[in-house]
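If you look up Swiss-Prot, you'll see G328, P329, N330, T331, G332, G333, K334, T335 marked as ATP binding site. According to Swiss-Prot, the feature domain 'Smr' maps to 703-778.
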Amino acid sequence: MEKKILEQLEFEKVKEQFWPYLQTEQGQLELDLLEPIANKDKIQAYFTELEEMAAIFVEHHHFALGGLSDVSESMQRLDLEADLSIQELLVIKKLLQVSAEVCRFYADLENVDLVALKALFEKIESFPSLQGSLQAINDAGFVEGFASPELESIRRQISNKEHASRQLLQDILKKQAAYLSESLIASRNGRSVLPVKNTYRHKVAGVVHDMSASGSTVYIEPRALVSLNEELTQLQADERHEIGRILHELSEQLRPHSRSLRNNAWLLGHLDLVRAKYLYMQAKQATVPVISDDKSLQLLNARHPLIQNPVANDLHFANDLAVIVITGPNTGGKTIMLKTLGLAQVMAQSGLPILADKGSRVAVFNGIYADIGDEQSIEQSLSTFSSHMTHIVEILNQADSDSLILFDELGAGTDPQEGASLAMAILEQLRLTNIKTMATTHYPELKAYGIETAYVENASMAFDNVSLKPTYRFMQGVPGRSNAFDIARRLGLAEHIVKEAQAMTATDHDVNRIIEQLEQQTLESRKRLEHIKEVEQDNLKFNRAVKKLYNEFSHAKDKELEKAALEAREIVDIALAESDSILSQLHEKAELKPHEIIEAKHRLKQLAPEQSLSQNKVLKQAKKWRAPRVGDDIIVTAYGQRGTLLAQLKDKRWEAQVGLIKLTLKEDEFSLVKLKEEAQQPKKRAVKVVKKAATGKGPRARLDLRGKRYEEAMQELDAFIDQALLNNMSQVDIIHGIGTGVIREAVGKYLRRNKHVKSFGYAPQNAGGSGCTIANLG
């Protein structure tokens, strides 16, 4: 990318706007080196990083890295086998700390899908061992005593010597107070001294280290203290030597990791720059543009980043459009619009967000060229025109169909007629070679060129005829018009002079009137578009409000369901605790009578919550599938028994075989059940209670008492009913025959007395009639 375009667009000033959002020197360095690139995939990767950083901030509003200084020079010193200073080690200590914090942050990161940033986060290494070693230096740069046993020992000796020195001085201070100018202990040349009056200097034996400016006081180190101070000085030298050894040891530990540390610093700096881009985007209401597959551009509400309170403008540069010519008078904002396009494109190709609305689109150009401003060269004795033309020639020689060219006041600085002709010829050459170009000019001849030439479009900047000031609103498709007559009239020029001037340029006046009508139509269209945008924004806000209400409702519903589930779990827990208590009571007894086990099982059954089968949604749904037919399997709603439909009677009544009993049922008294679905239902967990039985016989659903004596029949009946209850049988058959009726009556009396028998009756005629009793248990 040509360096001159960056200077003309003041790209460095734009980059300076990102400085307040940076936290690391490495990020600052990367920003300083940032320039536009022409690699579409690389630019898209930058944008993906930025979008993912936005996703991180949705979940973590205060994501930060902490201040980091540049470590590149320190790493070079490590590579050269040099030892690092305390300050350099502190910088690396901070780097290790931030690296560890970022690693932990990424490990805990949830609800954010990362692709581009994932690679960055996962490359950052943590060094807990090095981090632990560098704790020997605190944040103030003091090497802690625990850094080595030797340092700790030396400092303990220094402390003892200093204490002894102070004690000795205090004693001398008391004894020779009359000779002192002040009752205090001073320090000179790192030695503890006493301020002695000059007239008594020979009264205090010792070494003179200094004298006051007036000469009235001399600072003497008492002789008794000299040897003690010598020892202290030696210990302090030993301390410095030991600290140097510790710094060398720490440097040696860091040396093998210099490459990884340098890489960590770069990764953190890059993350910092991505973070700064996001914060800038939020603060400036910028956006990440879409990259076109062709050379088309679309800027929605684009703003110039270096202007305070800039006017936002739309720009549509279709793929087949080669040239846009902005015509009209000076000071209308033509150059600002030119630079707005250039900066948006340069920023985007540098991976930066642009000051425009969402939906904006940019292209990728191999070269962006501009001729903007007064380039007069005094040194080369070139006029403004010559300077511009020299630069234009260079641009034309370098540009191709993958270039974007920006011309400000093309053809200016020479004869207007010749300048206009040159401008048209240059634009025509660029149009024929399909090079995207935007040019500003005040030559009226170029308006006609823009109207008559294919793939060339006129544009202008709106002007307020009332205030006589430019509005800086970009009007694409409308050529600029002169406002000289209107301005002159409003400033007080005589009307007859204005009319005479208009008569001299009658044709131009007609053109201006047409242009004025186009301007009005454009402004009206823009107002309608702005109204549509306002409606869209209102709809968007409404949709967000509805979505928020829906989310709140869903959240409340989930909370209620969670509460209900919690209550259900509490009920189940209570039931399980009660069942465990019952089972514990059963297991505490070595021998249990059958009726005790039956009673316990009955209590366990009562723990289960009652459910009305008539309200069972699954069964209701099954019933709705189709009308019942003969042979269908059913469940009797009243007591949950399985049966089969035998025949359809009148009034929607059915005859059903339920066990050994035939029943007459209404259609709302049973539900259809599919065998396939029944097979797929999960089996219920059951608690098995094992009874010590006298025999090894299994459970029986039928008891035959024919030919039995009364006592024998009653014993077998009692054992049979107990066994049936233990095995959860709901229905049993008792065959007693007709005979004399003694056994039949005895069976009836027994069943009436047994509280676990719900009901009983004779079997149907085809199943034994009065010779067989069917008992329902529960």
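Cβ atoms here come from the backbone N, Cα and C positions, even for glycine.
Residues belonging to the domain 'Smr' (703-778) score a mean pLDDT of 84 in the model. The C-beta environment of T335 (ATP binding site), restricted to residues of the same chain at least 6 apart in sequence and closer than 8 Å, consists of I372, D408, T440. Ranking the binding-site residues G328, P329, G332, G333 by how many other Cβ atoms lie within 10 angstroms of each Cβ puts P329 at the bottom.
K334 (ATP binding site) is surrounded by 27 other CB atoms, counting those within 10 A of its CB over all protein chains shown.
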